[in-house]
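Shown next, in structure tokens, is the structure this report addresses.
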């Protein structure tokens, strides 16, 4: 009798929730481990928190004292916003920190001609800061209205796995210019950090078989400490004494000037720079930046739910989270952080590296943010980590977020030419259009749209410089207009997988993940 025919290989079945996660949203690790993991999230979000003020404050006329105060304020507000988001927003383990999306509009305000006549650099800094505050306060109303009114819920209802792939993927992959180019500015530090974190997190656990997930879970702490000590030895040994200024900024551990300038104890407070000033044009430009950040954060929230092993994010919960993110931008404007708030992409990638999606861990990290923002000297020590080390971490975390977007392809029909067109065309334009706008700006000093009104130029140029925004908008439009009435289209785009989670009511898993604490759903129902 002939032998039985070998079984045909079967494809991997789609998973609504990501398997192999050690701790999901509602299953926190033991307290000692949770505290270390929370500190690790704090270290990761410090990169953006330090880099943005370091780039902007000197252009505003501020010195090391002003830079230290802005970093402390941004860290303090990030801690508050993270707590608000994890308790009352989406309730996902998402860190809410500074955003590069607001930087072009902020630079436009800095370069406004009305500040050029101010002879005192500190007074110039305060005037520019108050203008940025006013623009952020007005811009926050956009996300607050769209989120809490439920309007963004109506947009999110038509989001499918197919249209989410370009959006989420380019939220991560689209930040590639912050990765290896930053490593290459100090390759003798950045490259060892990149190699070491890949080796420790991916190879060592499989070689040692410890079973306790120590190396992959705490790879950031292990590798950053080792390379930081190595960088400090190079610094005190005089390796960078004659190096160009840009190299010293990326390599040295004593060039930040923050430790001496930071106060021992200081609590940031609203209107610390004076009463905000308002300009209609700048407010409209900042509102467009807030809208771009809204779209990007929607993609980041989707990546976070995936790596936290939660059920798909109901549109009402996403809308609620956007509303609270608008509150975060309002707080940024009130306190004067020189930057708006959005979901930290690097911390979303850290969830994937550690396989810990616990809400408690991120809330502990928010506690570290607030603690070290008040004790400025201690926080400044960690803020002096060389930027090349941060850029190496970005290479790993942004890649994880981008791959999280690609994972939604499992719900789509990849044999459909409609699917191939939407994916290919949206991703291509998401990379190509911003490349054109960025190259044009780098060569000419201004964007392709260049009128006499700087605020109008920003309204047009800023959205087209965001890879995730362009790809997400193109994919969303095509997915909801291209041959949608045909019967098989709904399954091809994977919409049937997510329609089960339009509302968490009646679904015990989603209700456990996203319901408000203290029975607040009775008084504040989902929008």
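Positions of Cβ are set from backbone N, Cα and C atoms, glycine also.
Heads up, TrEMBL stuff is auto-annotated, nobody curated it.
Keep in mind that what you see is a predicted model, and the values were worked out from it rather than measured.
TrEMBL assigns the feature transmembrane segment to one of the listed ranges (339-360, 361-382), namely 361-382. Here TrEMBL gives transmembrane segment for one range in the set 191-213, 260-282, 283-305: that range is 283-305. Feature annotation (TrEMBL): of 168-189, 388-409, the stretch labelled transmembrane segment is 388-409. Packing against the transmembrane segment (70-88) from elsewhere in the chain are residues 45-46, 49-50, 52-54, 57, 62, 94-98, 258, 262, 266-268, 272, 320-321, 324-325, 327-328, 331-332, 335-339, 341, 359, 362-363, 365-370, 372-374, 376, 379-380, 383, 516-517, 520: each is 6 or more residues past its ends and has a CB under 8 Å from a CB in it. Counting only same-chain residues 6+ beyond the ends of the transmembrane segment (218-240), those with a CB under 8 A from a CB of the stretch are 36-37, 39-40, 43-44, 188-189, 192-193, 196-197, 200-201, 247-248, 251-254, 350, 353-354, 385-386, 388-389, 393. Scored on C-beta pairs under 8 angstroms, the neighbour of the transmembrane segment (464-483) with the top count among 35-58, 94-113, 134-152, 283-305, 361-382 is 283-305.
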